[in-house]
Amino acid sequence: MLRVAVESAAGLPKKKLGSPDPIASVVFKDEKKKTKSVSSELNPVWNETLEFDLKGVPLDSSSYIEVVVKDYETLGKDKLIGSANVSLKDLASSQVKSLPVKNLALVDENGKSIGATISMTIGYEPPAGAVTNPQDQQDGGNTAVGEEGDVTDGGGQGAVTSPGEPGQKIRSRNRKHLLANKPQDFQIRVRVIEGRQLPGNNIKPVVKVHVCADTHRTRIRKGNNPYFDEIFFFNVNMLPSELFDEVVSFRVYNSNSFRADCLMGEFKLDIGYIYDESAHCIMKKWILLNDPDDSSSGAKGYLKVSMFVLGAGDEPPVERKEQDNDKDDVESNLLLPTGVALRWVTLKLKVFRAEDIPQMDDSITQTLKEAFGGQENKKNLVDPFIEAWFAGKKLCTQIIEKNANPEWNQQLNLQVKFPSMCERIKLTVFDWDRLSGNDAIGTTYLDLTKIASSGGEIEGETGNSEMGFLPTFGPCYINLYGSPREFSALSDPYEDLNLGKVEGAAYRGRILVELSTKLDGKADKSVEEIPSDDILVVQKYQRRRKYCLCAVFHSATMIQEPGEPIQFEVSIGNYGNKMDLTCKPLASTTQYSCVVFDGNNYYYLPWADTKPVISITSFWEDISHRLDSLNIILYICNHLQTNLSALKSAIQSKAADARLVEIWLKLINQLIEDISSFRIPDLEGKSNLTALDIQQKMLRDRVLENIMKGAKHLFEEATDVNKCLSVIEGWLDKLKQLAEEPQNSMPDVIIWMLRGEKRVAYTRIPAHQVLYSSYSEQACGQYCGKTQTVFMKYPMDDTKGLKIPVQLRVNMWLGLATEEKKFNHYAEGIFNVFAELYENQAHVLGKWGTTGLLNRSKFSDVTGKVKLKQEYFLPPVGWEWEGEWRVDPEKTLLTEADAGHTEFVDEVYENETRLPGGEWKLAAEPYTDVNGEKVQGPTEIECPPGWKWEDNWAFDDNRAVDEKGWEYGVTIPPDDKPKSWVAAEKMYHVHRRRRMIRPRKRIPGAKTAADKKDIGDAEGWEYSSLIGWKFHRQQRSSDTFRRRRWRRKMTPADRVGASAIFKLEGALGVDMESKGDEKGTKAEASVKQFGANTPTVSCTFDQSNAYHLRVYVYQARGLAALDKDSFSDPYVHVSFLHHSQTTETIRSTLHPTWDQTLIFKNVEIGGDPQSVAQNPPNVVMEIFDSDQVGKDEMLGRSTCVPMVKLTSGMDASPKLLWEPVTHKNCPSGEILVAAELILKTKGNDTELPLIPPKRGEKLYMVPQGVRPVVQLTAIEVLAWGLRNMKTYQLAPVTSPSLVVECGGERVQTAVIKNMKKCPNFPGNVLLLKVLLPKEEMYTPPIVLKIIDHRPFGRKPVVGQCTISFLEEFRCDPYATVAEVAMSSKVALMAASPRDLHVNIDDGRQQLLEAQREKEKETVDWWSKFYASVGQSEKCRPYLDKGYDTLEVYDHELESVKEFMGLTDFCSTFKLQRGKNESDDDDPAVVGEFKGSFKVYPLPDDPGVPPPPQQFRELPDSVPQECVVRIYVVQAVDLQPKDNNGKCDPYVKISLGKKSIDDRDNYVPYTLNPVFGRMFELTCFLPQDKDLKIAVYDFDLLSRDEKVGETVIDLENRLLSRFGSYCGLAQTYCISGPNQWRDQLHPSKILEQLARWKGLSPPRSEDNGNTLSFGGRLYYLSDFEANKEIHEHLGPPSERIALHVLRTQGLVPEHVETRTLYSSFQPTLPQGKLQMWVDIFPKSLGPPGTPFDIAPRKAKKYFLRVIVWNTSDVVLDETSITNENMSDIYVKGWMPGMEEDKQKTDVHYRSLDGDGNFNWRFVFGFEYLPAEQLCLVSKKEHFWSLDKSEFRIPPKLIVQIWDNDKFSLDDYLGAIELDMHHLINPSKTPEKCSLSMVPDGTTPPKSGQFKSLFDQKSVRGWWPCYMDKDGKRELGGKVELTLEIVNEKEADERPAGKGRDEPNMNPKLDHPKRPETSFFWFTNPCKTCKFIVWRRFKWLFIGLVLLILVLLFIGILLYSLPNYISMKIVKPFN
């Protein structure tokens, strides 16, 4: 019995109107049962049980049920909502009686998830006596080797590799280029080529490919070895990290069978796996198909596929479509290399327990409980369970309700194929919710690459067997991070953090798990309980030790805006989280302080010498053995990184070789020393060791040893420093991989910044970075006891770090409590501990007292919310009071508004009131502040000390006010002042006010009030005008509230030193006895009290040193453009601790040179100067774009570490370095800076460096010694012209000129008069003399600006371009005298045109004509093309004649290295304009500048003559008329545009204003069209220089879509000196298929070449057999030594000229492959186009004849098959007379032409399996001999417009059938014969057997196959077979004659089908069938003769005799009486 309890569904989608009425039905083996419907509900609950009777048949492993949820309709059919399948494999195989299915996802009919889930439970009672399938219950031992073994290594036994062997490996990942983690375009292409050995008989396979929720399917094919060759494109836009976890799944279905069992096999693969392969592709690999449900079954066939993943800017790899040779052996080409059998393994994930899980549910039920007297229990409001997800499989633990520390103790068994293509196990802890969806609590990943090893990390000795190890992990805690823990009933804005998508901001608990891997063997249950022994074992891994964490906050700076007071909280795990009540309260928060302005741009917290300290104790497992190793490796890593950076920057700045070698030697020596002296700790005797620890240790030791060997080898052998770089970087990568500790159970230290009570920003510091280790100094964390700079960040920051919340300098130390004494070495300053409380008073009726305090107590904490008394406090254990309570006012909270400002504006509002319509009178409170609080009047306000007034009181009319400064408002009771103000007076206004202001300025050097510490109230009171407002020191008349702080100091009783603070656990004890009046229970009160009065700890630095800081800001480059004029106006805020300064603003540039020194005179830094020198604070630079209107926008941020000088003797000056600028975490330029921090000795300024020179009044320049050394340099500019200029402000650009700027100099060209007529500049060459730095790394960029000259003198910048690197333009000015950059064509244009004639002797003409006609049939242009790409079988006779081949480039001609992008004459620079509106987009391209640059040094001495000019003898820049021929050969892998996954492409060409649309010649249904078209156009260059070739998709009804286009710059091709206008042929032919097509003869071209190379003209002698050129003598015989000399060749003089030309590096005759792009996905290729272009200027005469490249046509062939006989056919029937017999007939067809199936007549009643037919099949087919493929054209559907063309290998399928008149015919066997690889037949039926047919796994023997096209005709016997249960069985043998004839032969030797006329060649007689062969129904006589007579002959004879005897007797009896009576009467008669 099978019982399905359907419980509920959740999240069903809404209908358009209302909600659905869901009804669920369950289908099991064609039996369907339904639940009742639930009316209008999206989360229905059914709770119904449906029962299925199994009728005594047990479940097997392929059983499943289908659950369908529909929307119930009273009338009509129910509508499908979603469905899902549940495999019953686990119930069938194991002893589980029930299978709970929770939250199973429902999918729609396309297999896409609809977001809804269903839950149910399935119970199963096996029928009595049923045996569970033993196959499903395998143990680890007995693998099903037989089936898999045959597959795995080409016959032989199955290779079961032991766990250690290199076979069982997981690939270690290295993502080659790290992609930016932002959503971007990707294209996944999957090509399904063919299948092999698919199981089943007479099947029709179809392949479905599923990628990223998109499914494509191939066409349906027939047979077990189908050929598909279809390509699918999947376009996605998503995060790379998400994409690489997606899966490509291949499923092969049999379209013939019913849905239930149609899946034949599947294969899955991570997209990340493909991306990690070289070139991001997998080419032509076989994949092994498996049954997804039955792990024990073997291979289900193979599929050959290619896959690639293309990211932005990736080139698709070129797929060679060569013939798949016979050796295409599946084994050697499997995607998983042979020997790595895909093994089933079980990943056993033991989930023990979790702790610290945060509250997730509302406490409504709890509150109810309380109301009825229950206990409140806030912390357990969570119902956790864990979901593990791997490779598409998902398992969940049980749900434990209401428990924040659940113990599951369950093992999840994930069954996977291994080595797996997926790499991460995802563990998510969910909170189960009855009603709503489950909430994620936290997500973590187990990365298999980190917890397993393939051994491939270690090179060299892969022979070792113990190299790799299988996945293993733990038992170990894993920490979860996500959104902050505080529960709120509203939705959590940071929910995504819990799904593991972004870095979590807070600790959310931890889970204890263990992972082990079991090979083979199958787990009985997917979820099982862990035995109690294992739970006991894991106890020892949970032993905790006490850790102490101390953090001293040195500074909090760069705060962007003032606001509520700020507090910092430090926590590790839950310890220290002040809002979590589960841990003891600890001194984990700093005191609240208000921010102070730094006088320039930022705010900071004024901690001065008293730094806040936090101290936390916490309890964790001791994993020091892991973290020590980690820190040591990081230490080595950091050393290497520092040295490598130094080496790189030395190489970049072109340092001397000696210096490079010195740095390099230091690097190698340091590395060898580090590895040898800092050993990783041994694991002997360490507690909580795991298997992974031991494996990691072995692996790390081995890798370090290898690196050390490599370093020693480099040290001895290396010669070139540059070559070593990649090796050293490889080492660094390896070390970084080793420095990952997967089993890190110590949570990160998290620092939160709180504003008021709100969490604002956080930072996470890994605990190991601040951990102290007693093992060695190197094993301590990088920042242990050191001050580090931390930039905090906002959780889930959408602006990606645009604004920094705060920059912290914090010193942390974390160590075991047993080692806390060690902290004393690290601690600086004096630590103080205080208890504190506040005394509050209110001002009532002119007196201060406690009466008006409302809800405040007389004594409270700082917030005023918690009531305290002095006598309640008790010091913690081990501490005692020192001294009494005393008043101690808090200095930092009392900042005045003007603190930090140098200029300030005082403001007062004057108020007047009236009755509506009355007179204005002074208000009751005439003077107030902006909030309406009473203040002193302007006459009473005095100027504070240290300030001076700048001006008198004035009315501020710069606001929304009337001319006298008034603004008006209406008071609405109960308010006493207006809420809003307007500037115009109306009758009903009753209140008006105006603002009075008076600016004041600080007197430099004078003491201000804030500096004098003792100013303020003598009794320490602070005042506020309202409770909760900011406090100030001086009492004002409007104050109504005051308070003062009392503090009492504590000291440790028994210990000394700073480490005593770790004893401050818990709050200060509160004496509860005196609290009888407290409402509620005491326990509750103490909890509320608990966190409030933790002691405050601070650290005082008695000595703080004064430093002098200089920041040298020189220049920046590559900043973003934020203004509309394509530029920005950058300035820099430079911040150092709590000081900041700003540079000047440089107008409209992206490459500003500030050349400015910022001097910070007195910077106080506490602590020891040595520690400051080791770890100085960073200088932070924030670059802004200054805007006149609106707020300045941020351009980016950069940091720089200052060089610290502690003694004045250090004379080294800092070096300017390029520091990267980042903007929203993306690179956004670079800034050239340096900084030095100099320690000042007391009061001595003389030792400081000299003051730098000034520029202007206040600006200091960068001094000599720091600024770059410059040299006078010439920049020659070739300004050729402008192209494709877009309009500017709707008007075209008509008269532009060019401005070139570099290094502060500028030069301008003349104006182009008319862009339309000639877009070239009149004066082409400009010279710029600039002082450029000698070091390349400092050179400023060249900036080009295009200025349009418009009416009324307007000159807007209409485009700009920046050339950042000048290196490529540098040249030696004296080298290139002879070389003149001039192109042959252009030089000729300048000369007068001559008439050219190609003379061919007439006598030869007629002879050649005849030959030529004949040749055209066998030799065409395509022969040349195929000969050039190496497809020799497609061009036989062509190659033998020794004709030319051409060059086929698999990329654009511009990408060929030798031709320098065809920009040798001038380069093209893209011009840009405008602001970067969207973040990721490049600015708009608005045109192109054609030109070039030469940069060379000028002599310093003015007397020396300057070098010669570089750009000379330029061609004329006038327009040319040209003929352009475009040859489009074919397209490859186009992007499909139609729903059928295909395209109907055609070509469209546009040039200037002309365009050609070739729509009539579209090629239907293909992605690889052969166009073979030539187009000819005329145009004017340079105006029409851009040739656009687009491929469109033809659509009959809708608009044609563009697939993609490519653009060719014809001007570059014409001007280039590589002769790219027309490629040079190999030989000079005057006729034939390769006739010369250029306008000029080779000799003329060579003459030109000589002229512009400055050589003497070439001379030819000896009838042109020799030629001297460029000082060399060439012989024709040398060139044509081994060549065939054919009749088409021209005269020798031209031939030799051509041969010489071909040695000069010119462009040869070629076909280029151009990538097509579309605007829809601008970065992704849309396919490729093979083509070439010829350009002929008209002035040089007519060009030669064009090539004919029309595509080849298929030829008609006929396959004649004569079926002679069959033998040994299976006898399938039993006759009436009980004989075995068959009615045999034979059927045959060619795949792809199924409609032309042909059958023989029936040989009835074959009793011995023999059949005689003499029957002819004739199959006509179109065949491309060159490609050896049949061309099949047919309509796919009756509605299709065109016939689709398929190319299919020519095959014949012959089947034997048994004919049945009244039922379906029975299939007996078949054979598939490939015409090209024909199986050799046997001569006699006896020798014919199944062994003749290859089984596909063993490679075929040579000579086993022949081609029928070569043999023409063959006769013999072939076996036919069928599949039974995966094995082949012989179904019969058939004797055939196969003959192939072409159309001509078919006409000469006709033959009819069957035995019809013309029955000849050969004539077929009627078969001589035995007489027994006939059909009983139509031949009654024969039936009698053969069936009845033969069988019942004796019966008949017996019957006849019997009848005769009976007759005889009857007659006898009849006549006897008569006779007797006669005898009696006449006896003798």
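Just so it is clear, glycine is given a Cβ too, placed from its N, Cα and C backbone atoms.
Segment annotation: TrEMBL labels region 'Disordered' over residues 1946-1966 (candidates 308-328, 1883-1903, 1946-1966). DSSP labels the residues of the domain 'C2' (1-101) in these numbers: 5 helix, 49 strand, 47 coil. The DSSP breakdown of the domain 'C2' (1255-1379), given as helix, strand and coil counts, is 9 helix, 55 strand, 61 coil. Counting residues per DSSP class in helix, strand and coil order gives 6 helix, 67 strand, 56 coil for the domain 'C2' (1091-1219). Mean predicted confidence for the domain 'C2' (1505-1623): the pLDDT average there is 89. For the domain 'C2' (1505-1623), the number of residues in each DSSP class (helix H, G, I; strand E, B; coil) is 9 helix, 53 strand, 57 coil.
DSSP places the residues of the region 'Disordered' (1946-1966) in helix, strand and coil in these numbers: 3 helix, 1 strand, 17 coil.
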